[in-house]
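Reading through the structure tokens given below for one structure.
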Amino acid sequence: MLPRKAPIQMSPFEYAPAPESRAVVDLQSSYGLFINGEFVDGGGNAFKSISPATEEVLAEVSEATDADVDAAVKAARTAYTRVWSKMSGADRGKYLYRIARILQERAREFAVLETLDNGKPIKESRDVDIPLAAAHFFYNAGWADKLEFASLPGGANPQPHGVVGQVIPWNFPMLMLAWKIAPALATGNTVVLKPAETTPLTALLFAEVCQQADLPPGVVNIVTGAGPTGQAIVDHPGIDKLAFTGSTGVGKMIARAIAGTRKKATLELGGKAANIVFDDAPIDQAVEGIVNGIFFNQGHVCCAGSRLLVQESIAEEVERRLKRRLGTLRVGDPLDKNTDVGAINSKAQLDRIIALTDAGESEGAERWDNGCALPDKGFWFRPTVFTGVTQTHRIAQEEIFGPVLSVLTFRTPQEAVAKANNTPYGLSAGIWTEKGSRILWMADQLKAGVVWANTFNQFDPTSPFGGYKESGYGREGGRHGLEPYVKGTH
Ligand code: TAP
């Protein structure tokens with residue numbers, strides 16, 4: 001545990017300077033669970049969190065058993081009943097502002113730890129994950145004393161559910177934590193959260209932030225472990241509401257597990273977004289958008305533009321420019337500020353990417369990668385493009401969740417819409433064209449929760465995010481992101 005720091009003097013708009021090295025992180029050899037405001041040992045077998053870039057062990061982490069989850073839920077219930085539900089929105093907001101400022105103050109530490117544990121490039125954790133996580137706390141802090149004006153169910157008196165169980169994935173560990181915890185606390189709920197087994201460390205650092213902010217014990221509880229720990233949260237009778245981000249497969253299991261119970265749920269699941277480029281698009285900008293769309297965070301992004309739909313007349317030129325651009329991407333040490341593509345998060349994820357890309361080849365698509373050298377240790381995959389992809393290929397239908405782009409072509413806007421909508425998912429899409437009327441028509445036709453026009457992967461705390469079809473239900477972010485946390489909704 002870190003000693004308490006002096007009161008924070010930063011303005012909400014200041015941002016800590018760029019991280020340079022792992023020296024800013026005070027890594028402990030082992031971490032406990034965070035229950036009722038304290039770190040405690042879990043009853044299960046401790047597991048190792050490793051760096052996917054080097055395979056070195058970063059720390060041992062406690063595994064929460066059913067009994068530990070029960071203790072966390074009880075702590076959250078007591079905190080809800082005795083403290084949090086009685087506190088004014090303005091006072092809850094003060095805690096959220098305090099947390100947001102501490103996240104800014106400790107941004108370098110969080111960014112380096114996220115990069116060590118996850119494998120993502122430091123320039124992304126530094127410029128995207130951590131600033132956005134802080135921004136979500138600032139944004140939701142602003143709502144805490146204005147909920148009666150937010151047009152929520154309950155009107156002038158929206159009511160929290162009580163104890164919320166939250167289970168998050170490994171691709172944006174801190175950002176997903178912020179998307180979950182900030183609106184839950186702003187609306188007056190208390191929380192039991194489980195980070196992914198491969199990326200627990202920033203959630204545990206966040207637990208220290210809760211202590212540092214003097215958040216009342218039990219308002220936030222962090223339980224670490226793998227799937228069974230998540231299952232224990234889902235099944236616990238003391239949980240009033242669940243918020244899950246992860247794969248569609250596990251999302252369906254959760255929906256089945258809570259069917260017929262009083263528990264509400266928000267499910268943010270997988271995606272297979274189409275990034276659609278018309279022949280009137282500014283091609284250089286579109287190529288940058290395609291690269292950002294699929295190679296940001298190694299393609300470990302639910303809304304990644306993993307299918308490029310390009311109009312036939314410009315397909316050859318776009319493919320040529322795309323390959324030239326991919327030749328300039330730097331793959332390697334995630335802590336190097338010049339790295340564009342970091343490590344794959346785990347051996348299991350690397351195996352899934354290899355299996356699906358092998359299927360792409362055997363089903364007849366043409367494979368190309370940028371041929372860059374890869375480090376000897378760790379989990380790596382070269383930026384890869386498949387051309388000649390048809391709609392039935394597995395790489396056009398299934399989420400690869402890696403740095404792999406499947407290219408399909410189209411002739412008319414109608415054909416683009418039909419192909420874009422032809423997957424089980426409906427999370428996001430991108431459109432590149434100069435015609436405003438076409439953007440509006442396409443946005444209306446596409447079955448996607450988010451549609452970007454002439455950009456991709458833009459996130460903002462004010463903007464709701466979520467899916468259609470097998471990408472889940474409920475929204476996170478913006479005013480809409482408060483709705484699932486009050487009674488009368490999912
Ligand atoms: P999952 O395997 O589904 O894991 C997500 C979380 O659920 C992890 O914490 C996992 O624990 C836990 N879990 C596993 N089995 C469980 C069970 N039976 N009951 C309760 N919890 C269980 O997904 P992932 O591989 O970590 O993440 C990738 C997926 O997340 C992709 O499909 C991606 O599209 C999706 N995702 C969606 C969004 C949005 S906003 N739609 C955002 C990010 C990611 P362990 O990992 O510790 O085993």
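Cβ from N, Cα, C; glycine included.
As recorded in TrEMBL, the features of this protein are as follows:
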DOMAIN    40-487  domain 'Aldehyde dehydrogenase'
ACT_SITE  E268  active site
REGION    470-490  region 'Disordered'
COMPBIAS  472-482  compositional bias 'Basic and acidic residues'
Cβ neighbour count (within 10 Å, all chains shown) around E268 (active site): 27
Helix, strand and coil residues within the region 'Disordered' (470-490) as assigned by DSSP: 7 helix, 4 strand, 10 coil
Three-state secondary structure, which DSSP defines for E268 (active site): strand
